[in-house]
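Novice: For reference, the structure I am asking about is given below.
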Amino acid sequence: MTHPTESRQQPASSASTSLPTSPTLPHGNAPDGTPAANTKSSPDGTVSPLKSRDFALLIAGQGISLFGDATLSFAMAMWVLDRTGSATVFASILAAAVVPTIVCSPFGGVLADRMNRRTIMVALDAGRAAIVAVSAIVFATAGFSIAAVAVMQILLAVLEAFETPTVQAAIPQMYRRYGEETVRQATAVTNQVQMLCNLLPSFLGGVLYSALGIRAMMLIAVVSFAAAAVLERFIRLGAPERDGELPSPFDDFKAGLRFLLRDRPNVFKLALFAAGLNFVIIGYSNVGVAYTIRTVLGFDATVYGVADGMVGVAGVAGAIIAGMFAAKLSMDRMPAALVAFTLTLLPQGLVFLLPVGAWTKLAVMVAFECASMICCCFTNLIAAPAIQMSTPEAMTGKVMSIFGALCICAQPLGQMTYGWTYDRFPVAAILLVTTAACGLVTAMMTPFSRRFDE
């Protein structure tokens, strides 16, 4: 699961519908270049702002770019595995790429609050296309090189660190004036597209890689990034609004930290909560589920692949279902979403205490893991817009970059912690302790959600 915003995330009266592409809205443009309209369609024919040309271009550009990301990641993993015979090598490269992502993310947030966010998105996708194209030429002329793969992945991670806060700040810039409901609906659409674009390469990647090879897969990524840059070029989005003179980048970042720690500590607490949730979800899903299916239950890679695919489909379904209720998902709904998430963990722990067969344990675990994924889609859609709408326009990029950095830091910590515990303790004990911990967090979140806006 991505962090409860996301990851380059971060919706219309029903956000689960396909992206609308109606013409520019009839009421002109706001000073920042975004279209102006009422929040929802009304009997007099007013068009929803989510049916604007600019939002369609943003979602299309991000969807194509995410598809290129996922396709390239899948292809490189397969290629490195074929050449080295070790899955650990590529995993180590990705782990190393996390460091520049964490380090550069705050700078990406500062940049997103100082420049036109459309220009940043265009430049970053064009840069990604250039990096992958040059890498493909290097591989074609010099052959396979782990060092070259590592350099490419690290450069792409740096660009990703700048893109994520930019996109997360662009949506509230477009729709802040229409209220939090519209921002949540817009976020729901981006979540749906993100889930779908990450899922498609999982199903198609193996076939395409076997049929076309690494060069063609890299070409698909180059074309995807370039096409995204072209589409994003036509988004009408002005520079972020600021009061007074532009401070230095360092002072700008300090202002973001001061806002979180002193002015709105509840926003920072919500960011820490999201990081903690990522710690549990990524650790359990990425490490625990695979270990349990392959090692504890003794199933082969095919069974694990099917189970993983089912969870991925549940993620897409969850994004659609959550999108249908996006307008109602305010912070006071967070405790209910957490209760539901906690209850999906309990049966997974209990089934490993019962004298039932491996297939029964697998069925219960996968079914409730799918339910967990759906619940996470709801928590994502509650947390991210709450943070975005609680943050001034001139600080959205910085705050979302700090938020993202916290969640990214939590992911490898969760993987290492759960990896250590699964090597030493029974599955039932781990899941039941996790359930109890989530229950405690839910109890703490209930009063917090009521006073979040204080």
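Cβ coordinates are placed from backbone N, Cα and C, and glycine is handled just like the others.
Small disclaimer: the values here were computed from a predicted structure and weren't measured.
Copying in the features that TrEMBL gives for the protein in this structure:
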| type | residues | note |
| --- | --- | --- |
| REGION | 1-47 | region 'Disordered' |
| COMPBIAS | 11-26 | compositional bias 'Low complexity' |
| COMPBIAS | 36-45 | compositional bias 'Polar residues' |
| TRANSMEM | 55-81 | transmembrane segment |
| TRANSMEM | 87-108 | transmembrane segment |
| TRANSMEM | 129-156 | transmembrane segment |
| TRANSMEM | 208-231 | transmembrane segment |
| TRANSMEM | 267-291 | transmembrane segment |
| TRANSMEM | 303-325 | transmembrane segment |
| TRANSMEM | 337-356 | transmembrane segment |
| TRANSMEM | 362-383 | transmembrane segment |
| TRANSMEM | 395-413 | transmembrane segment |
| TRANSMEM | 425-448 | transmembrane segment |
Novice: What else in the chain is close to the transmembrane segment (267-291), if you only count residues 6 or more beyond its ends and a Cβ gap under 8 Å?
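Specialist: Residues 1, 3-5, 259-261, 304, 307-308, 311, 365, 369, 372, 376, 379, 383, 386-387, 390-391, 399, 402-403, 406-407, 409-411, 413-419, 422, 427, 430-431, 434, 437-438, 441, 445, 448, 452.
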Novice: I'd like to know if the transmembrane segment (208-231) touches the transmembrane segment (87-108) in this structure, counting it as a touch only when three or more C-beta pairs sit under 8 Å and are separated by 6 or more positions.
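Specialist: Output no: the transmembrane segment (87-108) is apart from the transmembrane segment (208-231).
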Novice: Is the transmembrane segment (55-81) close to the transmembrane segment (208-231), in the sense of at least 3 CB pairs under 8 angstroms with a sequence gap of 6 or more?
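Specialist: Yes; at least 3 Cβ pairs under 8 Å.
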Novice: Counting Cβ pairs closer than 8 Å, which of 129-156, 303-325, 337-356, 395-413, 425-448 has the most of them with the transmembrane segment (362-383)?
Specialist: 303-325
Novice: I'm a bit unsure how to read this: which one of 129-156, 337-356, 395-413 has the highest number of Cβ pairs shorter than 8 Å with the transmembrane segment (425-448)?
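Specialist: The stretch I would name here is 337-356.
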Novice: Could you pull out which residues elsewhere in the chain have a CB under 8 Å from any CB of the transmembrane segment (129-156), counting only those six or more residues past its ends?
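Specialist: For the transmembrane segment (129-156), the far contacts come to 72, 76, 79-80, 83-84, 89-90, 93-94, 96-97, 100, 214-215, 218-219, 221-223, 225-226, 229.
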